[in-house]
Amino acid sequence: MTAPTAIRRLNAADPDFAQHLDHLLSWESVSDDSVNQRVLDIIKAVRERGDAALVEFTERFDGLQVASMADLILPRERLELALTRITAPQREALEKAAQRVRSYHEKQKQDSWTYTEADGTVLGQKVTPLDRAGLYVPGGKASYPSSVLMNAIPAKVAGVAEVVMVVPTPRGEINELVLAAACIAGVDRVFTIGGAQAVAALAYGTESVPKVDKVVGPGNIYVATAKRHVFGQVGIDMIAGPSEILVVCDGLTDPDWIAMDLFSQAEHDEDAQAILVSPDAEFLDKVAASIAKLLPTMERAEIINTSINGRGALILVNDMQQAIDVANRIAPEHLELSVADPQAWLPQIRHAGAIFMGRHTSEALGDYCAGPNHVLPTSGTARFSSPLGVYDFQKRSSIIFCSEQGASELGKTASVLARGESLTGHARSAEYRIIADEQGQ
Ligand SMILES: NC(=O)c1ccc[n+]([C@@H]2O[C@H](COP(=O)([O-])OP(=O)(O)OC[C@H]3O[C@@H](n4cnc5c(N)ncnc54)[C@H](O)[C@@H]3O)[C@@H](O)[C@H]2O)c1
Ligand SMILES: N[C@H](CO)Cc1c[nH]c[nH+]1
Ligand SMILES: [Zn+2]
């Protein structure tokens, strides 16, 4: 066990507070050069040597030795078998969660639209699903059946033709719930590979793994860094790295509840980040005491301890207004508003992946079954990214139909602008369509 928990304390009244906060949040301290270089090497190897590299990396990083890539492919029948191997309550819970996630995501579906102008010109937007999506389901330090649902259901709602999933199975340990979830969500193909090598395989294709149009899903630092590097070759959803929780509390929630909410994200990964902000100094002391009391009871105490010691913090602010300002500065993946009247503060929240309203709404409910997606932007990227959704699996094409009259009219405007750009090919192309008796008008 690492040193006993000593969570960092910050005070917003400290003149160096902004600097301390920046240091606490800095992604670079996690995503260092050695990780970057390792990921680049892995991507290069997969591009050059395909399946052979996947087999090698799976042995090296997942401790799983196989004769060939064929041993890392699970057919649809294997997913169906998993459904028969889980318990009835497990199947019921998966199906209930799937149904709630589906209902929520149905509302996100975007439809094509057009409108017609007076001269018959039609303008619009055609929405098309991706042909093939690659879903990354994490599996290193924990198994994530819930992430299967969160990745696959929006893809299916969007109408993606082929959904390919990758998931590492360290030491060959297959989690039946993960496969059962893939069956329920309608995943088409599964490869038991993970890490940067799996992201590279989806992005570039290998002899066995089909090249996809977009790679989505959460993962550790290697996965998140690989997604950054393959962007452009394929689409990606966002940077969904190590989990984060920011709790803003008025000091009136049970401190044990808050300690456990912090643990719920810290237990994902040593790199996870759990922060509490409160204007009540005594309450921060109580939560620190709850952390010390409850940590030894946790199955994943070692991971939680490293995460809390390395990246956690208890932040004292002057008042709730300052707490909200700090939350917007952090732009956390998950924000819990553990306060009496969360609705009153909601209008002021500008940056957060998901907002959990009130003392009873633990973040864990959102992780599994509330309905919204749990694949969320991390490390401050909620400033410009959104939760994974149906829109990530749909793209848009513009539709332009010009009637003869419309082309003639627009041609006059285009001609002037094109000549202003000295692009006379454009100008003359547009001018050809100007109706003769309107020329020069
Ligand atoms: N932001 C979100 O929406 C979200 C959702 C769920 C989980 N998560 C996060 O996903 C992550 C899951 O991480 P995980 O580790 O359990 O599973 P993972 O599948 O993301 O990573 C495991 C893989 O990492 C690779 N790897 C591990 N050590 C390596 C090394 N030294 N060099 C090269 N590659 C290495 C291996 O290939 C292994 O298969 C956690 O950080 C969790 O917090 C985030
Ligand atoms: N909290 C994770 C997103 O950061 C999602 C998850 C899955 N299972 C448990 N939690
Ligand atoms: Zn979680």
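Cβ from N, Cα, C; glycine included.
Annotated features, as they stand in TrEMBL:
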- Tyr136, Gln197, Asn220: NAD(+) binding site (BINDING)
- Ser243, Gln265, His268, His334, Asp367, Glu421, His426: substrate binding site (BINDING)
- Gln265, His268, Asp367, His426: Zn(2+) binding site (BINDING)
- Glu333: active site, proton acceptor (ACT_SITE)
- His334: active site, proton acceptor (ACT_SITE)
Neighbours of Tyr136, Gln197, Asn220 excl. site residues, C-beta within 8 Å of centre, NAD(+): Pro138, Gly140, Val166, Pro168, Gly194, Gly195, Ala196, Ala198, Val199, Gly219, Tyr222, Val223, Ala226
Annotated binding-site residues Ser243, His268, Glu421, filtered by Cβ under 6 Å to ligand 1: Ser243, His268
Under 8 Å by Cβ from Ser243 (substrate binding site), same chain, sequence gap 6 or more: Gln265, His268, Asp269, Ala272, Gln273, Glu333, His334, Thr378
Binding-site residues compared (Gln197, Asn220, Gln265) - the one with the fewest other Cβ atoms within 10 Å: Asn220
Which of Tyr136, Glu333, His334, the listed recorded positions, has fewest other Cβ atoms within 10 Å: His334
Surrounding CB atoms that lie within 10 Å of the CB of His426 (substrate binding site), all protein chains: 15
His426 (substrate binding site) - helix vs strand vs coil (DSSP): helix
Among Tyr136, Gln197, Glu421, His426, the binding-site residues whose C-beta sits under 6 Å from ligand 2: none
